[in-house]
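Residues or ranges marked as compositional bias 'Basic and acidic residues' by TrEMBL: 517-544. Residues annotated as domain 'Major facilitator superfamily (MFS) profile' in TrEMBL: 24-481. Annotated region 'Disordered' per TrEMBL: 510-544, in sequence order. TrEMBL lists 21-48, 68-88, 100-117, 123-146, 158-176, 196-213, 283-305, 325-343, 352-371, 391-412, 424-444, 456-477 with the feature transmembrane segment.
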Amino acid sequence: MRWNIHANGTKDPPEVRNWRIHMIALVASMSALAMGYDTAVIGGTMALNSFIRDFGWANVSKSTRDTIQANIVSTFQAGCFFGALLTFPVAEKIGRKRTVMIAGLVFLLGAALQTAAQGNLNLIYSGRAIAGLGIGASSLTVPVYIAEVAPPSIRGRLVGIFEIASQGGGMLGFWINYATDQTVNFNNKAQWTVPLSLQLVPGVLLVAGMFWCPESPRWLARGDKFDAAERILTTVRGLPSSHPYIQHEMGEIRAQVEERSTNHLSKSAQFKKLFQRGTRNRMGIGLALMFLQSFTGVNIITYYAPRIFETLGISGTSLKLFSTGFYGIAKTLGMITFTVIIVEKVGRRKGLIWGAALGCIPMWYIGGYVMRADPAAAAARGDISRDGWGYLAMVCVYINAFIICATWQGITWTYASEIFPLDIRMLCVSLTTADTWLGSFIIARSTPYMISDLGYGAYFFFASILLLMGVWAFLFVPETKGVSLEKMDALFSKPMHQVVWAQIRKTPSPLDEAEAERDQGLKSSKMEKEMDFEQAEVEHNSHV
């Protein structure tokens, strides 16, 4: 059998997996490139000698420096939280495309303020908050936009491009910090302004590229613009409007729009639907996944990589930034593995389970090594020798990053963008996206203190949480690989433990039962039409 990297079991013809749909996902994912870069670059920038000098950190106490660093990092997450939460009505009113473009412009304003800070800490705070608003808005809208234009067989792959861009942006941020540390003299403020100014590049590419991208056909259908939705589908699918696949997809979209009467739902009615059966279980899973992904241990290193490597005995700014660069490579390779193999071949559910089971092992080891050897104290004494166990701890950092990015970091965004019903999809994703930024904010605020006060206990904490996350995913997270957006209602129509158990035992699930009922209904309808035709023919002959 020929190897492929898309989900099996769908009815997607090969024409729908074309270059155009991949290009749309790539352009929209420039927002993720900006998100990853801005998230990762700040930790290394704060470690640069020029930044420390220009912002007057040379003689401040360790606790004061912890507080300032936590404020700088977490201000971005706070902006992202409110950007994701407040963008929902905008994306519903003016559409996905224009919302992404506005979010890009807001991000560019924030990035410009950071670049122009000139040693003014208040401009750094405000710039990161405004940039966070833009990133929060785009991190809400872009995964939904990609999911709504993608065919089922590569939906996970296309949302995976968003995550590859995020991790690739982080990798660029790490290495650019290292490059400027090596090539720009610390007496020159360009050493820290260059890394911050390069945020502008993906922002410009996002705003300019979205002019070329189409609007979401499902959003257009919600406004009764079915002809426009069909024209976009024929373009992005590479098929004529008369093709059975286009007719089937448009039929499913029409049926869901008509069934849910989306054009007549008030905001209060949409909020009430969050608690209805079949939706509240999806909200519970989405909120849990997006919040818990911040507690896998990867984010603490992403935000404070030089500081983390310092606890492992890495001394010197250049060496810490160099180690951080390889951490970015490990994360990016993990996300590529997620997109190419995990999401559509292994699946969402198995990926979460195996990611938690394997990802916690390196964290346990790192915690044990720090507890036994206390490498940071040894480095402070000038003892820079490192045995095999120390090198293994460094490798474990990279292994954990690879595993988590290949599973939890990618799957959570994909899962939350695809499971919710059409009429309240943007509201649901708004809440789950804000939820993940809330988790990130907690990690960003607490990590400096955890490192200083808990030491090795911080690694044990994240390892324990990750293990429990895997148990929860095994019991309550069903597989959605290859399921169309319009069929998610059937999949989540029953309690999750029953659905998961049916998938484990490979017995008929609610989705299978709904398909059977639909086929039976179509068969009965066809038989009724045939009987009516035969009866009419008999009456006609009798009359003649």
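Including glycine, each Cβ sits where the backbone N, Cα and C put it.
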Mean pLDDT for the domain 'Major facilitator superfamily (MFS) profile' (24-481), as a whole number?
86
At a C-beta cut-off of under 8 Å, are there same-chain residues at least 6 beyond the transmembrane segment (123-146) that contact it? List them, or none.
24-25, 28-29, 31-32, 34-35, 38, 42, 55, 71-72, 75-88, 90-91, 96-97, 99-100, 102-117, 155, 158-159, 161-162, 199, 203, 206, 216, 413-414, 416-417, 425-426, 429-430, 433-434, 437
If we call contact 3 or more Cβ pairs under 8 Å (sequence gap 6 or more), are the transmembrane segment (352-371) and the transmembrane segment (424-444) touching?
no
So which of 100-117, 158-176, 424-444, 456-477 is most in touch with the transmembrane segment (283-305), counting Cβ pairs under 8 Å?
424-444
